[in-house]
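Over in TrEMBL, the protein carries these features:
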- A:27-262: domain 'ABC transmembrane type-2' (DOMAIN)
- A:29-48: transmembrane segment (TRANSMEM)
- A:60-84: transmembrane segment (TRANSMEM)
- A:105-133: transmembrane segment (TRANSMEM)
- A:145-166: transmembrane segment (TRANSMEM)
- A:173-194: transmembrane segment (TRANSMEM)
- A:237-256: transmembrane segment (TRANSMEM)
């Protein structure tokens, strides 16, 4: 008698399967991966002004797009697709097999991380090619970028899985989830310069992870001199790290404790 | 040794007492069928046995394990059972063989993927995307996923809903094959002919209690109940209930001088008995 495969082993297998399934849904592949690029094309063409010496709006916007891409691809996609999987009985079927819940979560994390990396590459490539995006040169900035993407992706995935318990059905999920994401994007300085938003909006945004991800991404893509124009006159990277870690913990807690495999 | 042992099982949802004290014992190697109308407590009972729901009271043992237990032990237990749920329509973007192969990786001792595809009759469709399968083919895939782990015990919930008669016969043959390979099966079904064709024993559940457990032939005193002899007399159809149908037919034969016009001898079908049983409780 062989042993039951380990949770990690099955999680990696599930990741492969999730990617394969995702890749076959052409519409959602195009939408998910190219949507930020399309937004960049629109905003980059409309706002050709500079918001500080040497800082174009496109440069500012790319930071926001990468951050909100993490929210769209992870949180939004999972909080909508998991209720759909639940509706069609896919989750209940999985529950009836020896595959542990953690493998399912690992599989989702892999899917989100891989699609995030592709999305970022497309966005950066497009930005450099058409909108004069300047890439950071210091390795310390790339290090910041790496942990922001990793932690942001994990946080977004965990919160998406946790939030999937909220929509009653797959059909209604989008109506519940999308407004939250869009409002957060406006509040968090993705579409506008954050410091130009009303203070109450800034304060609300500061509770949620997107503001901190966006600000962190600005520290990567904007010149060091721009830090003085942030709310705290600094990038506040430590605070970003702490806030994201707290939200990651909240996401994992609810995912593990409250995940719903079955309707009703 | 019993495969499934249930004693005093109770489960309520708020004020609704779905299961009100169920006792069951299912032996190794048998096909056991649970019959009952919608809302009888059938699904709740099965879902408790499958570990999908927790019970309020009573004791449950499935393969010597309490389905309510969670954690690693529960994985080892799930490794030994197979579940075919009522309806699932997931994973439309994968092919049949991809899906079965993937699920086989969940188990410690899976059956051969190709053999399973053959046995459920999906060989020609193995490279088709699941979204392109017909309802019956999809159901076969459900069964394939239920048996890929080489289970000792298989739960089958309404397996042939939506099948045409030919597909149903083929499916029955598959289930009988599984049983002769040593798999025990708990079958829930709405089709009485299905229970009759497949089950070694049936239990009728209604209003949360088991009314009777018996072989399909003996249920509700069916084997010893009166037969009905029906024939045509001129323009009239006549019938007679009797304990001695052979004597009645013989007498008729003498009367008609040989062939009795439109002669039919019937005993109550499983369905008649079943409807009588569940109807009797409604009053």
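Placement of Cβ uses the backbone N, Cα and C atoms for every residue, glycine included.
Heads up, TrEMBL stuff is auto-annotated, nobody curated it.
A contact between the transmembrane segment (A:105-133) and the transmembrane segment (A:29-48) is present, since 3 or more of their C-beta pairs, 6 or more residues apart, lie under 8 Å. The list of residues near the transmembrane segment (A:60-84) in space but at least 6 beyond its ends in sequence, with Cβ under 8 angstroms from a Cβ of it, reads 32, 35-36, 39-40, 43-44, 47, 51, 91, 108, 112, 115-116, 119-120, 123-124, 127, 131, 133, 149, 152-153, 155-157, 159-161, 163-164, 166-170, 172-174, 176-178, 181, 184-185, 188-191, 193, 209-210, 213-214, 216-218, 220-222. Long-range Cβ contacts of the transmembrane segment (A:145-166) within its own chain (Cβ-Cβ under 8 Å, at least 6 residues beyond either end) map to 66-67, 70-71, 73-79, 82-83, 86, 105, 108-109, 112-113, 116-117, 120, 136, 173, 176-177, 209, 213, 216-217, 220, 240-241, 244-245, 247-248, 250-255, 258-260. Long-range contacts of the transmembrane segment (A:173-194) within the same chain: residues 43, 51, 60-61, 64-65, 67-68, 71-72, 75-76, 79-80, 83-84, 163-164, 166-167, 201-202, 204-205, 208, 210-211, 214-215, 230-231, each at least 6 residues beyond the stretch ends and with a Cβ under 8 Å from a Cβ of the stretch.
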